[in-house]
Amino acid sequence: MNGTEGPNFYVPMSNVTGVVRSPFEYPQYYLAEPWAYSALAAYMFFLIIAGFPINFLTLYVTIEHKKLRTPLNYILLNLAVADLFMVFGGFTTTMYTSMHGYFVFGPTGCNIEGFFATLGGEIALWCLVVLAVERWMVVCKPMSNFRFGENHAIMGVAFTWVMALACAAPPLFGWSRYIPEGMQCSCGMDHYAPNPETYNESFVIYMFICHFTIPLTVISFCYGRLVCTVKEATAQQQESETTQRAEREVTRMVIIMVISFLVCWVPYASVAWYIFTHQGSSFGPIFMTIPAFFAKSSSLYNPLIYICMNKQSRNCMITTLCCGKNPFEEEEGASTTASKTEASSVSSVSPA
């Protein structure tokens with residue numbers, strides 16, 4: 001084995017020289033230079049100061065503005081709540097441990113940090129599944145009388161939490177375990193060694209099938225059908241131009257969220273699967289650290305995409321930040337009025 005396994009850890013370095021120590025008790029500066037740990041701490045600090053305000057504002061603005069309380073936005077708000085869980089339960093812990101060069105909070109803290117990181121990532125994934133199914137039902141109309149309402153949204157939110165807990169909770173109760181990974185200052189599921197006592201192999205297979213492959217398959221199917229339907233509707237002009245434009249904007253926003261999720265999480269999942277299928281092979285701590293920390297940036301992109309690509313939510317956000325007045329909205333209103341007046345003048349002129 002090219003690593004050192006302990007009661008609650010696996011350090012990706014052989015202990016032939018005797019330098020490997022428990023990541024819960026000693027700094028791990030034999031794995032990387034101290035400046036690398038400082039860089040990780042600075043990165044986590046950035047995610048905290050950027051992730052908390054934008055996710056909190058997303059929640060606050062939606063609660064303050066009644067017109068934003070639509071069923072679809074329930075799912076998007078659920079994403080913001082999950083991101084806040086990651087910020088408070090995971091990022092603050094990881095920043096502090098990175099500053100010290102090892103996981104100072106012990107196995108219990110590792111369980112907490114790993115649980116919140118996994119829970120947030122899984123809620124995001126299952127939210128995207130619910131959004132994909134919603135888009136498929138609304139645009140493709142497999143059920144002609146279906147209308148996505150408040151009850152559907154509440155059930156969708158509950159579903160995301162149940163599925164996320166089904167993935168994040170088992171390691172807390174003995175099916176697999178959370179251990180420090182990479183440079184040993186953040187925690188994730190154990191896919192490094194078989195460990196028959198915690199049934200690691202069966203859990204990793206269950207996780208990759210039920211909580212990664214299946215949801216991505218559902219998302220791919222829904223958007224595959226959706227793209228075909230949108231093309232057909234555009235060609236046949238079955239819907240009004242305004243309706244088509246609105247559906248396209250929402251669909252585009254959700255698709256970009258899916259792509260962003262894949263960009264953030266597929267590298268981490270791919271590296272984890274590689275390590276699982278090549279247990280005992282040699283790999284450096286940076287090999288797992290970079291994709292693991294990159295995946296944490298997912299707490300930023302969902303609210304940014306939602307705000308940037310949704311004009312109504314963007315205007316409400318600006319109104320809230322500007323103490324109840326949106327200066328940009330006035331300019332837009334003036335230009336819209338001017339264009340309408342011009343159009344009216346043109347239409348009133350009789351042909352020569």
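Cβ coordinates are placed from backbone N, Cα and C, and glycine is handled just like the others.
Residues or ranges marked as compositional bias 'Low complexity' in Swiss-Prot: 334-352.
Taking Cβ-Cβ distances under 8 Å and a sequence separation of 6 or more, the neighbours of Cys187 (disulfide bond) in its chain are Phe103, Cys110, Asn111, Glu113, Gly114, Ala117, Tyr178, Ile179, Pro180, Glu181. In the three-state DSSP assignment, the secondary structure recorded for Cys187 (disulfide bond) is strand. The disulfide bond feature in Swiss-Prot is assigned to Cys110-Cys187.
For Lys296 (N6-(retinylidene)lysine), the same-chain residues 6+ apart in sequence whose C-beta sits under 8 angstroms from its C-beta are Met44, Leu47, Met86, Gly90, Phe91, Thr94, Ala117. Marked as N6-(retinylidene)lysine by Swiss-Prot: Lys296.
Annotation source Swiss-Prot lists topological domain 'Extracellular' at 1-36 (among others), citing sequence analysis. When DSSP labels each residue, the topological domain 'Extracellular' (1-36) comes out as 3 helix, 4 strand, 29 coil, counted as helix, strand and coil in that order.
Residues or ranges marked as topological domain 'Cytoplasmic' in Swiss-Prot (evidence: sequence analysis): 62-73 (among others). Residue counts for the topological domain 'Cytoplasmic' (62-73) under DSSP, split into helix (H, G, I), strand (E, B) and coil, are 9 helix, 0 strand, 3 coil.
Residues or ranges marked as topological domain 'Extracellular' by Swiss-Prot on the basis of sequence analysis: 99-113 (among others). Taken together, the residues in the topological domain 'Extracellular' (99-113) have a mean pLDDT of 94 on the 0 to 100 scale.
Look at Swiss-Prot and you will find 134-152 (among others) tagged as topological domain 'Cytoplasmic', backed by sequence analysis.
Summarising the annotation, Swiss-Prot assigns topological domain 'Extracellular' to 177-202 (among others).
If you look up Swiss-Prot, you'll see 231-252 (among others) marked as topological domain 'Cytoplasmic', on the strength of sequence analysis.
According to Swiss-Prot, the topological domain 'Extracellular' annotation covers 277-284 (among others), on the basis of sequence analysis.
If you look up Swiss-Prot, you'll see 310-352 (among others) marked as topological domain 'Cytoplasmic'.
Per Swiss-Prot, transmembrane segment is recorded for 37-61 (among others).
Outside the transmembrane segment (74-98) by six or more residues, the chain places 37-38, 40-41, 44-45, 47-48, 51-52, 55-56, 58-59, 62, 104-105, 109, 112-113, 115-117, 119-121, 123-124, 127, 130-131, 134, 150, 153-154, 156-157, 160, 164, 185-186, 296, 298-300, 302-303, 306 with a CB less than 8 A from a CB of the stretch. Annotation source Swiss-Prot lists transmembrane segment at 74-98 (among others).
As annotated by Swiss-Prot, transmembrane segment applies to 114-133 (among others), with the evidence given as sequence analysis.
Residues or ranges marked as transmembrane segment by Swiss-Prot on the basis of sequence analysis: 153-176 (among others). Distant neighbours of the transmembrane segment (153-176): 71-72, 74-75, 78, 82, 111, 114-115, 118-119, 122-123, 126-127, 129-130, 134, 189-190, 198-200, 202-204, 207, 210-211; these residues of the same chain sit at least 6 beyond its ends, with a Cβ under 8 Å from one of its Cβ atoms.
Sequence-distant contacts of the transmembrane segment (203-230) (same chain, six or more residues past either end, CB-CB distance under 8 Å): 122, 125-126, 128-129, 132-133, 135-136, 139-140, 163, 166-167, 170-171, 175-176, 189, 191, 244, 247-248, 251, 255, 258, 262, 269, 272-273, 276. Among the features that Swiss-Prot reports, transmembrane segment is placed at 203-230 (among others), with the record citing sequence analysis.
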> What are the DSSP helix, strand and coil residue counts for the topological domain 'Extracellular' (277-284)?
Replying inline: 1 helix, 0 strand, 7 coil
>> Does the transmembrane segment (37-61) come close to the transmembrane segment (114-133), meaning at least 3 CB pairs under 8 Å for residues 6 or more apart?
In response: no
> Counting across all protein chains shown, how many other Cβ atoms sit within 10 Å of the Cβ of Cys110 (disulfide bond)?
Replying inline: 26
> What does DSSP say about Cys110 (disulfide bond): helix, strand or coil?
Replying inline: helix
> Which residue counts does DSSP give the topological domain 'Cytoplasmic' (134-152) for helix, strand and coil?
Replying inline: 10 helix, 0 strand, 9 coil
